[in-house]
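> Take this structure, written in structure tokens, and hold onto it; I'll ask about it next.
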Amino acid sequence: MAQGDPGGQTPQAPQGTDKKPDEPKATEKPQGAGPQPRDPPGGEKGLRDPPGGEKGPRDPGQGGAGEALAEALYGLGRPVLRAVLYLFPVYLCGRFGLSPTWLLFGLFLWMFWTRNKKFKLARIQAAWDLHENEKLGVTRGLYLQQLPAWVNFPDVERVEWLNKVVGQMWPYIGMYVEKMFQDKVEPLVRSSSAHLKAFTFTKVHLGEKFPRINGVKSYTKNVDKREVILDLQLSYNGDVEINVEVKKMCKAGVKGVQLHGTLRVILAPLLPDLPFVGAVTMFFIQRPHLDINWTGLTNVLEIPGVSDFSDSMIVDMIASHLVLPNRFTVPLSSQVQAAQLRFPLPHGVLRLHLIEAEDLIPKDNYLKGIIRGKSDPYAVLRIGNQNFKSRTIKENLNPKWGEMYEFVVHEVPGQDLEVDLYDEDPDKDDFLGSLVIGLEGVMQDRVVDEWFPLSDVPSGSVHLRLEWLSLLPKSEKLSEAKGGISTAMLIVYLDSASALPRNHFEYSSSEYTTRKQRHMTYTKTDKDPNSYVLMSVGKKSVKSKTCTGSTEPVWGQAFAFFIQDVHMQHLHLEVKDSERQCALGMLDLPLHRLLGNEELTADQRFPLANSGPNSTIKMKIVLRVLHVEAPEPESIYTGINSLKQGPVSIKRAQSQQHKSHGKSHQAHHQAHQTQQNHTVQQPKAERKESISTTSQQANTSSSNPAPNQNPNSTGAVPESHTPSLKPLERIAPSLLSLNSIGSSVFDPNDKRWPSEMTGEVEVSVRYASLRRCLVVLINSCRNLIQCSSNGADPYVRIYLLPDRKWSGRKKTSVKRKTLNPQYNERFEFLVSQEEAKKRMLDVAVKNNRGFGSHERKELGKVLVDLSCDDLVKGFTKWFELTPTGLPTS
């Protein structure tokens, strides 16, 4: 390549042109120059426009007639060629006497191929548009799955500065990858097969679009203080173009790749010396999404069915190295052992009891829904790459399964339980609902037995019992085996083997050799074996990767087995040669031997039977007892179980303002209590308090009764908590209009409104980390305004402000002819915990009046500020109802 002129002259050979196999490699660059310009992905090679976008001068007399003739011939020949291509398959069918079915099959195949190709190009183009202008894509409104993570999740931070750094480095990364493909990958492919001697990369171009990190989430709670955990929302919508050629007529390539996933980066252990981090560990929590646009002969991979198979094969290759439980570890210090970081012990085991479901939607309808049938439901349960499918219950909308499954949980937080329900059909299974449960809350509560409502469907819920099993190195915690339930877990870290025989002729075991030679004949050879390990415990068998051409193989893999009976089960291991299918060594280890070892662990070299005299295999075998531990006292009922213990009583403040309020309210309450004492149930404030506050609050209430309150009264009213205008301004300026909204609904000057408060509503609020949603429980109301001679027909309406859309409206059932209704109804708002703290609940109590009735409609409302309380712990309070929702004082 000619050296570039410092004066800015045009180089003789433009950069980025396709490389021919016989062309020399150009490695020299102008001193101090940056990355050389490349051809655009779809541009013509060797042609460049002058600076400023102006075209060069053209002589109108040169080639004008020739170009016009060429355009005319092209316009006539293109329709003719298209007609010939369309009719040629018809001619072939008639020429060879094939059935017209083959023609129809080819037509449908071509239609599906073009449809799949069009959709894939549309997805890539949409991703490129979002890459070019992310702000425009967010403001104009895209689907949630297309938006960056920082838009949907407030706890995910936007790191645009990091994307700018990657974008600045991307051309140089492209140069390195291009050189690596040509200098390393190409010779390896050529040497792998005699048919690939002419294999050549004709073009390697990573494109202009670089991988982006849409957000970073850091974990600071419930994690080890000696590590830093980051989740990177990785998104690559690349215009990469790679073309290969084996022979002149055999060309293939890739033009456009999409890769999306959550990459977890762990910096651990933290050290007091440089470089302060012992190692960097990276892995994908879930299998990433991959979409490849093939070109050339590989276009056949775009055929429906084949495309899914090819993409899944590539994802499987990525998963074997970078998806849990596999990890990629880069040691940064000699003080740490990389093997311990690559294969840490699992966090625990989740035992899931799939009990039943109810109120599922019917999918087997007939005559376009005129005749409604039922469904044949089954459940698919998933944590990471572990999948289980339940049995199918025929024609039942309230199926009962009664099945149990066990999952190995490697990362918490990070991994979630996914439950999908489907209706089994001969052609395509119909969707019945889904459910995602975060495992952090299960790990805190230890045992969760709950009905979970299904998402994305009008109705349906599933009953699950979740048990978190800790891994304990204590043999005394070992329980008896019963009912197929696992009592322990065996983790095997397969390291390496040494002094393996090349074949079965090198060791003397006449019985084993004679048994094998009855069915096979081996050829004695001095070639080193391609060895792999086959391990089994009970009915489960696993196979390691194959190490080629070595008598000292190194596998470096980990496997886990569930153990039902430690005293009866064995670990059986066999080293085999994949090429000759002969055994190179065996090991049988009774598991009860591990019970006498320290921490139930054996880390040593085990001698192999039926092998060479010095053949050994190095493994670390860890036995852990599965046990449900009691929850920690400070975390009792902080997960999904927190609302099961009823409301927590709140101590009233000893202020003069509350005293005067208590006097006026007590008189009003006693007047209603004498009238309705025989019909009103005991208020929910009298229910059993939570375990964590029972003793303390019982002693406080018995020794220091609140003033103006009868200790024997059942209608004690805790302090009402209502928001002030100051937090209202902090949440959002748009919420300042709530006062005007309330004024338009309620008329404060209406003489029908009493001067004191107009009743109370009891609300329980908690953020469910399992469901990642805000749970609001409307318990009851009391002392409501009488709207007619029969009392009122009250119901409660809820908004999560500032959202006042009809779709976000929640409403309880109507209670007839009562001023003290009991609801006990639960509602959920899908919102993150950080976002929930910025919101406010609008709870209004209304009277269900008939059409044309002149009865009162609004009974009062309250605005609940969610930023003042710990939402994870939750709270239950009585709130006074006012016309505007603001406090009366």
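Just so you know, the numbers here start at 1 and follow the chain as drawn.
Glycine too: its Cβ is placed from the backbone N, Cα and C atoms.
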> According to Swiss-Prot, D376, D423, E424, D425 bind Ca(2+) 2; which of D359, D364 is also listed for that site?
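Answer, per Swiss-Prot (Ca(2+) 2 site with D376, D423, E424, D425), from D359, D364: D364.
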> Take the C-alpha atoms of D364 (Ca(2+) 1 binding site) and D429 (Ca(2+) 3 binding site) and report the distance between them in angstrom, rounded.
11
> What is the one among the binding-site residues D364, D423, E424, D425 whose Cβ has the most other Cβ atoms less than or equal to 10 Å away?
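Neighbour-count leader: D423.
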> Rounded to the nearest angstrom, how far is the Cα of D376 (Ca(2+) 2 binding site) from the Cα of D430 (Ca(2+) 1 binding site)?
10
> Expressed to the nearest Å, what is the distance separating D429 (Ca(2+) 3 binding site) and D423 (Ca(2+) 1 binding site) at their Cα atoms?
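Their Cα atoms are separated by 5 Å.
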> D430 (Ca(2+) 1 binding site) has how many other Cβ neighbours within 10 Å of its own Cβ?
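Here the count is 17.
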> Please identify which of D427, D429 has the densest Cβ environment, defined as other Cβ atoms within 10 Å, among these binding-site residues.
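Per the Cβ count within 10 Å, the most buried is D429.
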> List the Cα distance (Å, whole number) between E424 (Ca(2+) 2 binding site) and K363 (Ca(2+) 1 binding site).
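E424 (Ca(2+) 2 binding site) to K363 (Ca(2+) 1 binding site), Cα-Cα distance: 10 Å.
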